[in-house]
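K.L.:
Here it is, the structure in full.
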Amino acid sequence: NLIQFSNMIQCANKGSRPSLDYADYGCYCGWGGSGTPVDELDRCCKVHDDCYAEAGKKGCYPKLTLYSWDCTGNVPICNPKTECKDFTCACDAEAAKCFAKAPYKKENWNIDTKTRCK
């Protein structure tokens with residue numbers, strides 16, 4: 001679920017940036033998304049959105065699905081239980097690792113999505 005995703009982000013980035021910093025970044029980080037991602041971090045968010053869409057096609061509710069995971073050496077590790085839990089956990093873990101590797105550009109936070117995300 002989204003709270004677990006937030007915790008995974010903290011695991012992967014070693015607590016270096018609050019999870020909320022990603023909530024209004026670029027064209028895809030946060031609710032919804034459209035247009036072309038503005039940078040590598042925004043691409044991570046688009047991939048995560050697409051992964052959640054795939055989970056939805058499988059009948060899963062990724063924003064609400066609780067799953068089991070551990071933080072081992074700043075790497076989120078999923079403990080598979082059911083298809084929906086495993087799929088959702090994998091979406092979140094891959095996104096958290098992607099966020100940790102991608103540069104955060106302050107100029108892409110809280111952008112005007114109407115003009116920049118076409």
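Easy rule for this one: first residue shown is 1, then count along the chain.
The backbone N, Cα and C atoms fix where each Cβ goes, glycine too.
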K.L.:
Pick from Cys91, Cys98: which one does Swiss-Prot say forms the disulfide with Cys44?
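P.N.:
That would be Cys98, the partner Swiss-Prot lists for Cys44.
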K.L.:
Pick from Cys11, Cys91: the cysteine that Swiss-Prot pairs with Cys51 in a disulfide bond.
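P.N.:
Disulfide pairing in Swiss-Prot: Cys51 with Cys91.
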K.L.:
Need the cross-check against Swiss-Prot: the disulphide partner of Cys29, picked from Cys27, Cys45.
P.N.:
Cys45
K.L.:
Among Asp21, Asp39, Asp49, which residue does Swiss-Prot annotate as binding Ca(2+) at the site that also has Tyr28, Gly30, Gly32?
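P.N.:
Ca(2+) site check in Swiss-Prot: besides Tyr28, Gly30, Gly32, the record includes Asp49 out of Asp21, Asp39, Asp49.
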K.L.:
What is the disulfide partner of Cys27 among Cys89, Cys117, as given in Swiss-Prot?
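P.N.:
Partner cysteine, according to Swiss-Prot: Cys117.
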K.L.:
In Swiss-Prot's disulfide listing, Cys11 is paired with one of Cys60, Cys71. Which one?
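P.N.:
Here Swiss-Prot pairs Cys11 in a disulfide with Cys71.
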K.L.:
Please name the cysteine among Cys78, Cys84 that Swiss-Prot pairs with Cys89 through a disulfide bond.
P.N.:
Cys78
K.L.:
With H, G and I counted as helix, E and B as strand and the rest as coil, say where DSSP puts Gly32 (Ca(2+) binding site).
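P.N.:
Reduced to three states, the DSSP call for Gly32 (Ca(2+) binding site) is coil.
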K.L.:
Please classify the secondary structure at Cys78 (disulfide bond) using three-state DSSP.
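P.N.:
In the DSSP reduction, Cys78 (disulfide bond) maps to strand.
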K.L.:
Which one is closest to Cys117 (disulfide bond) in space, judged by CA to CA distance, out of the recorded positions Gly32, Cys51, Cys60, Cys78, Cys89?
P.N.:
Gly32
